[in-house]
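Notes follow once the structure below has been shown.
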Amino acid sequence: MARLGNCSLTWAALIILLLPGSLEECGHISVSAPIVHLGDPITASCIIKQNCSHLDPEPQILWRLGAELQPGGRQQRLSDGTQESIITLPHLNHTQAFLSCCLNWGNSLQILDQVELRAGYPPAIPHNLSCLMNLTTSSLICQWEPGPETHLPTSFTLKSFKSRGNCQTQGDSILDCVPKDGQSHCCIPRKHLLLYQNMGIWVQAENALGTSMSPQLCLDPMDVVKLEPPMLRTMDPSPEAAPPQAGCLQLCWEPWQPGLHINQKCELRHKPQRGEASWALVGPLPLEALQYELCGLLPATAYTLQIRCIRWPLPGHWSDWSPSLELRTTERAPTVRLDTWWRQRQLDPRTVQLFWKPVPLEEDSGRIQGYVVSWRPSGQAGAILPLCNTTELSCTFHLPSEAQEVALVAYNSAGTSRPTPVVFSESRGPALTRLHAMARDPHSLWVGWEPPNPWPQGYVIEWGLGPPSASNSNKTWRMEQNGRATGFLLKENIRPFQLYEIIVTPLYQDTMGPSQHVYAYSQEMAPSHAPELHLKHIGKTWAQLEWVPEPPELGKSPLTHYTIFWTNAQNQSFSAILNASSRGFVLHGLEPASLYHIHLMAASQAGATNSTVLTLMTLTPEGSELHIILGLFGLLLLLTCLCGTAWLCCSPNRKNPLWPSVPDPAHSSLGSWVPTIMEEDAFQLPGLGTPPITKLTVLEEDEKKPVPWESHNSSETCGLPTLVQTYVLQGDPRAVSTQPQSQSGTSDQVLYGQLLGSPTSPGPGHYLRCDSTQPLLAGLTPSPKSYENLWFQASPLGTLVTPAPSQEDDCVFGPLLNFPLLQGIRVHGMEALGSF
């Protein structure tokens, strides 16, 4: 990389040398001020000389600040032929940058000239000027705070002069003291000082934007003397001197030699090494005293000590704290009260287990190194037999048969505590009653009782884990000195969810009462497990579940309720809350052939526990049931269709719009009146001739005219008669015509006969012949013949029925009676027509 950089620089220098006339000699930059306030505007101009013949006649001058091109340059040609570009930077926000005047040369910018711009602030006034006279170096050291950063090279100078007064009159000047770069302190040597005479001192700060001076300080160098701290050490023990008292330290120090001729005072500070205690200040120490006994300290405790001094009573400065000295105080005999309790073994009553607890009588009761249980035999003055020496809070020993009392003491290197007598007596006092216990929180138990009569002097309370973890060696006990107490809150060695045995014994003068015990849980636990679910019965949409409740557990809170949860395959959850006495539950509303996950939660006031998950699937519907359901559905659909059809058929206003009422001769009931072929010959009634034709109507065939019964404006159309008659074909109905019939749409006339009569009025019947152009049903039919009334052959009375006068002009009777070319009509009565 270094070689590559050197080659690049070499090529750049070579290219510049090869440029014609050297472009760098063509331009020159001038600025309004190279150093300005940060954020102030600055104006610069660049002039290109006329003798740069290798440039364009009108070169474009560009400006660049650092690496960024700056727009806004104003370019013009001067009278002497030179090109000038002027730019104004409104805000110079760079503390240091290069402004360049450039031209486009090829594909790159060629710098014609550049100038360095600086921006910053004028120096602030130096403050907190202070000076100290160091006797070790014999120099006056002054220091100050320079103020905020100026971003410009700033020089500081410590100036001073001598003065015989209060520095109002300036005397001889003292050589300026210039600190090193970056330092804010300076030393004036002793040769430039005049001791015991005032001098004026100040600091001057200067940079390119201005100058500032600190307030003047007037002082005597000896008034600002700072001494060096003395050397602190412990006092050597002397055979004649008494040993130091407990909690005391004997100290001495060696003063600083150059300051022996200066009057001074000192002070001491100390703190214990253990913990995070703060310094405690002791002083001032006695004048001209080089040793001191420091008391009131904790015994058998390590301390850290330091000392410092100051010129006194004249002005001066405190010295620094001396190096630390570590000392340990002496011990004191334990000052404690020992609360004792004892228990005899059942198998060996002379084996006694003694317990005790030290109770400090003072804030500093002394360190305890161990305990001694001793017995003084009667009749042996001064003889003490130790029974037990231990550092524990209990001891098991064999009690001599004649011993009824032992002594217990605590000891350390400084001595022993006051002996505590322990009297072994039988339980002859009254017992307390109604002992009870309850948990206050997971880490405490409240034990209460009713005191006996007379009041005891105190109580001994023991507690420890109950069965099956009971152990006499792990019991905790304490003594309650208040004989009128009715309860006590146990906080020591209490853990949650544990069964504890609590024993309370009343203490009397020279005796004690019988012990009473009670069991209690520090905190009841939630059920350890929930009952297991079992499937009893299951159907398509239901499932019957059952479970066996768990038996009550010691230390477990009683159940308050059950909650059963079931979840389907779509992860939809359902739940139901049941009483604690429930033994089963039926799930309803299940989906057939569906998978469900079910679990039971047993809850109490202490918490809840879930059972294992039971997975079941409901039954699938059988095939017969499915067929029944489909059959019922089909029957219902059929009934619906039938009802709809009947409704449409029975309602004329619904039927007529769907299809027209066009008669069908082939399926008409008229066809049943006359057989299709008559085997017998037609006979005529004797004595009767051809009935006269009373009226003939000729109908012309016209497709554009409506049928006669559909026309409402024809004068020939009238209402239907009260009695409908029949048409009779005159002639032999079996005769077959050999004449071909014209096709439909011709002008051939078809003759119709109309028989008019009335059942109520006797008289001869009337025939009505009509000419019709209506097309026949058959393609080719024989020509119409005369009509013969066959009614006379079937009439039992042999009389003719005459038509009603109002029916003589009727020729059209509706769509059911207008059938062309009927072979024969046999009237069997009016009842047949009534069915129409």
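Every residue gets a Cβ built from N, Cα and C, even glycine.
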Based on what Swiss-Prot says, identify which of Asn6, Asn51 is the N-linked glycosylation site one.
Asn51
Disulfide-wise, see what Swiss-Prot says Cys218 is paired with, picking from Cys142, Cys167, Cys295.
Cys167
Selected residue, Swiss-Prot feature N-linked glycosylation site, from candidates Asn389, Asn571:
Asn389
Disulphide pairing with Cys295 per Swiss-Prot - partner from Cys248, Cys252, Cys266:
Cys248
Determine the most Cβ-crowded residue among the glycosylation sites Asn51, Asn93, Asn128, Asn389, Asn610, using a 10 Å radius around each Cβ and all protein chains in the structure.
Asn610
Applying a 10 Å Cβ distance cut-off over all chains shown, what neighbour count does Asn134 (N-linked glycosylation site) have?
16
Listed in sequence order, residues with CB under 8 A of Asn474 (N-linked glycosylation site) and six or more positions away:
Gly464, Leu465
Spatial neighbours of Asn579 (N-linked glycosylation site) that are distant in sequence (at least 6 apart) but have CB under 8 A:
His561, Tyr562
If you measure Asn128 (N-linked glycosylation site) to Asn134 (N-linked glycosylation site) at Cα, how many Å is it?
19
Give, as a single whole number between 0 and 100, the mean pLDDT over the domain 'Ig-like C2-type' (25-117).
85
Tally of residues which DSSP labels helix, strand or coil - the domain 'Fibronectin type-III 3' (334-430):
0 helix, 51 strand, 46 coil
Pairwise Cα distance for Asn389 (N-linked glycosylation site)/Asn610 (N-linked glycosylation site) [Å, integer]:
56
Distance [Cα-Cα, Å, rounded] between Asn610 (N-linked glycosylation site) and Asn93 (N-linked glycosylation site):
71
